[in-house]
Amino acid sequence: MDTISDVMKHCVPINYDDYDPLPADHFSTYPVFCSKATAEAIEASAEFTRKWKRACEVDGLHQDKLNFQACTTHLGHYNQWAYPDCLPERVSLNAVLSDCAFFWDGMSPVTGRSTNVMITSPVDVSDSISAEKMNELTQDFGIAMLSELQSGRRIEPRFEINKMAVQVIRDFIAVDPFTGIGHLKEWKGHLDAQEKSTHNNMSWEKYVEHRVNESGGNWGISVGCWTNDIRISDEEKESVKYLTQLACAGGILGNDYYSFPKEFDEHHRSGTLDRLQNGVALLMREYGYTEEEAKEIIKKEVIIREKKWMDGFDAWSRQAGPETGEIRRYLVMTMALMSGSMFWMSHAGRYHRTDLATTAEDRATLIGKSRGALRVLAGYPPPKNLEGIVREPLASAVQDDNGHVQHKDAVADSSVRNGVHHAFKKRNSRNGKQNGTEGSKSTFTNGNYVQPAKLQQHGTSINSMAIYTAPFQEAAGDICDAPYSYIDSLPSKKNRNKLLDLLNDWLQVPPSSLKRIKNIVHMLHNSSLMLDDIEDASALRRGQPATHTFYGISQTINSANYVYVHAVHEVTRLYNPDADELRNLHRGQSLDLYWRHHARCPSMEEYIVMVDNKTGGLFRLMLRLMTAESSISRPLDTALCRLLTLTGRYYQIRDDYLNLASADYESKKGFCEDFDEGKFSLPLIHLLSHTRYPDRITSALFNRKPGTNLPYEMKRYILAEMEEVQTLAYSQDVLKYLHEELMHALDETENRLGANDGIRMMLLGMGPKLLLC
């Protein structure tokens with residue numbers, strides 16, 4: 001405690017005697033601190049709220065549907081506890097930033113994500129503005145903000161509330177450009193991460209992992225670096241990431257605890273309960289706990305993580321030297337953010353609502369509504385009312401060698417995920433399926449072969465010859481589909497679907513055809529990923545094991561080919577079943593494989609040809625299919641075709657760069673994985689063209705035992721060589737130049753086809769400014 005207090009300069013430990021009544025629902029064990037500048041924060045929030053309401057009136061946003069509850073509560077201000085050590089001169093702007101983020105984000109309709117105190121608004125989002133209006137507001141804000149950041153081009157927003165929001169961010173960056181830009185990078189990363197997955201049919205461990213990655217925790221921490229003027233490098237952050245993730249996990253689960261009734265109410269009224277993402281809901285749905293049981297588990301999990309953080313911080317402090325002072329401030333700020341947020345949530349009106357339309361009985365309908373088997377939570381007793389929600393009597397359950405309860409019928413095929421066992425398999429599902437397999441499939445009972453039901457109908461028996469002349473029976477598809485189903489379940493941003501929707505603003509493809517094109521592109525993309533991972537010998541895909549590590553190379557290839565054939569069949573059902581771009585995809589991949597097999601470094605010109613066919617081919621396929629199906633009769637637009645070709649190049653070169661320079665990419669694919677693959681990426685081609693010792697590099701890359709990764713020390717050597725010849729700097733220059741050309745190509749396309757704010761915001765959002773900062 002002394003070590004933590006010594007770091008604080010502008011706050012004091014909270015005096016609980018100052019609060020009457022005390023928040024009865026506060027259970028966090030962290031020390032809580034209070035800013036000395038609370039009055040300034042409250043005053044700034046009040047003034048900003050008045051201006052925001054006036055802006056909403058000008059923009060035609062109905063006040064009766066926007067319940068503005070700012071950071072201020074009856075006990076004080078959110079920031080006085082969450083950012084207690086904020087520099088005095090930054091208190092007012094920080095309060096405005098918090099309210100701006102809360103209000104602006106809070107107008108969004110329910111989207112399926114779990115709200116988080118560090119990024120969302122204390123407003124009733126289920127009664128907020130329409131999705132169409134919110135999309136218009138988002139594009140207006142995004143184009144104005146990203147244009148200024150990426151190209152220095154100042155575009156004034158059309159909406160008054162966006163003018164206020166953009167000005168707040170301008171002021172934020174002007175005060176401290178270093179931490180201000182870092183904050184925007186984390187904000188964008190948070191928004192990107194939210195789009196990757198939902199949490200249905202997910203284990204508790206996997207849920208916590210995903211929430212840490214996709215929540216606003218890192219965004220809130222980046223704001224704390226700005227408020228406290230903390231200067232810390234990415235390497236220093238990485239060295240204590242285990243502690244910041246512990247803190248974030250506790251804060252996220254605390255938010256789930258307090259926000260569950262409100263979130264359930266919002267999703268219930270909007271008809272999106274299947275998209276409710278909350279730890280309490282997950283424990284009820286996937287594990288069968290009651291709301292009270294689930295909340296007690298959440299409490300324990302929060303306290304466990306808080307104790308681990310305190311112990312970990314003490315251990316770190318004992319071995320940390322005087323040069324780690326800034327890291328110490330960073331860690332204490334992170335803890336204070338979670339501690340203060342927990343104190344605020346324990347009494348804020350946002351969570352302690354009396355106007356909810358739903359009741360505890362309504363929330364109880366979630367219990368046991370998993371998509372498959374109920375799970376068993378390691379370290380906790382089973383739900384007390386388990387007998388009342390399972391589809392089979394508990395008496396038929398058995399225990400495995402680890403003491404986990406499982407149903408007899410599920411033992412043979414139960415899976416273990418992160419130590420949590422699938423148990424209590426549901427039976428008698430539709431279409432004759434049982435436990436996820438066709439009812440007619442062959443099985444073994446007591447070591448004896450049991451024939452499919454259809455064969456038994458023909459009077460066959462174990463010793464009968466009739467099975468050899470029985471009618472044709474189509475094989476079940478589940479085994480062939482399994483590898484594809486696995487990769488399809490992995491988190492994804494679904495950028496291609498978004499791009500298709502945005503292109504449709506220009507091309508006007510009928511809904512049924514657009515749906516088929518999306519399915520074609522989705523199947524082709526996932527099929528190519530399965531094959532790419534085999535051809536590249538990749539162990540990871542999107543941070544998870546690659547498909548072939550589970551299903552083997554042969555079965556994965558078979559599944560990928562099966563899906564590819566199905567995609568081609570879907571293409572033939574469209575008006576223009578031209579397969580040119582499908583051929584180009586394979587020709588591009590063949591170049592990549594040929595260069596690797598023969599260890600031949602291509603020229604930059606050859607590299608671009610490969611990219612245009614392999615990566616750009618899928619983009620052009622999307623365009624050609626949509627043009628053929630368009631309700632607007634026009635030939636393939638050359639400007640739009642060029643735009644998508646440049647987009648494919650930018651995607652690939654950005655991917656090449658991130659493979660070597662991004663910590664996030666490293667966590668998903670491994671450290672410099674392109675070196676393991678022997679892939680001739682743009683950085684490697686540049687290095688081999690400029691280093692004095694190209695033979696050393698190629699010898700290390702291509703004279704290895706098959707299936708072995710390049711040693712870590714050799715990867716560091718290659719990176720050092722790249723540093724010497726400025727390879728990564730060159731890659732950055734290429735990205736900057738290519739992005740400028742992308743925006744020029746977009747200008748030309750809009751001149752021909754009309755404005756497309758959605759595509760403009762997408763291209764601005766993937767620009768190099770936030771990528772390279």
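Every residue, even glycine, has its Cβ placed from backbone N, Cα and C.
Since this is a predicted model, take the numbers as computed values, not measurements.
Taken from Swiss-Prot, the feature region 'Sesterterpenoid synthase' applies to 4-359, supported by similarity to another entry.
Residues or ranges marked as Mg(2+) 1 binding site by Swiss-Prot on the basis of similarity to another entry: D105.
Annotation source Swiss-Prot lists Mg(2+) 2 binding site at D105.
In the three-state DSSP classification, N255 (substrate binding site) falls within a helix. Feature annotation from Swiss-Prot assigns substrate binding site to D105, N255; the stated evidence is similarity to another entry.
What Swiss-Prot lists as region 'Substrate' is 211-214 (among others), and the listing cites similarity to another entry. Each residue in the region 'Substrate' (211-214) gets a DSSP state, and the totals come to 4 helix, 0 strand, 0 coil.
Away from its own ends, the region 'Substrate' (259-263) comes close to residues 114-115, 117, 276, 278, 280-281, 291, 295, 345, 350-351, 353, 356, 358, 363 of its chain (Cβ-Cβ under 8 Å, at least six residues beyond either end). What Swiss-Prot lists as region 'Substrate' is 259-263 (among others).
Positions annotated as region 'Geranylfarnesyl diphosphate synthase' by Swiss-Prot, on the basis of similarity to another entry: 360-769.
Summarising the annotation, Swiss-Prot assigns region 'Disordered' to 423-447.
Residues or ranges marked as compositional bias 'Polar residues' in Swiss-Prot: 431-447.
DSSP assigns R496 (isopentenyl diphosphate binding site) to a helical segment in the three-state reduction. Residues annotated as isopentenyl diphosphate binding site in Swiss-Prot, with similarity to another entry given as evidence: K493, R496, H525, R542.
Feature annotation from Swiss-Prot assigns Mg(2+) 3 binding site to D532, D536. DSSP gives D532 (Mg(2+) 3 binding site) a helix state.
For D536 (Mg(2+) 3 binding site), the same-chain residues 6+ apart in sequence whose C-beta sits under 8 angstroms from its C-beta are E677, K679. Residues or ranges marked as Mg(2+) 4 binding site by Swiss-Prot: D532, D536.
Look at Swiss-Prot and you will find R541, K614, T615, Q652, N659, K669 tagged as dimethylallyl diphosphate binding site, backed by similarity to another entry. Taking Cβ-Cβ distances under 8 Å and a sequence gap of 6 or more within the same chain, the neighbours of Q652 (dimethylallyl diphosphate binding site) are V611, K614, T615.
Averaged across the region 'Sesterterpenoid synthase' (4-359), pLDDT in this predicted model comes to 84. Ranking the binding-site residues K493, R496, H525, R541 by the number of CB atoms within 10 A of their own CB puts R541 at the top. Among the binding-site residues listed (N255, K493, D532, R542), R542 has its Cα nearest to the Cα of N659 (dimethylallyl diphosphate binding site). Other than K493, R496, H525, R542, the residues of this chain whose Cβ falls within 8 Å of the Cβ centroid of the isopentenyl diphosphate site are, in sequence order, S492, K494, N495.
When other Cβ atoms within 10 Å of the Cβ of K614 (dimethylallyl diphosphate binding site) are tallied across all protein chains shown, the result is 22. Nearest neighbour of K493 (isopentenyl diphosphate binding site) by Cα distance, taken over the binding-site residues N255, D532, R541: R541. Just so you know, of the binding-site residues N255, N659, the Cβ with the fewest other Cβ atoms around it within 10 Å is the one at N659. Using Cα positions, the member of the binding-site residues R496, D532, R541, R542 nearest to N255 (substrate binding site) is identified as R542.
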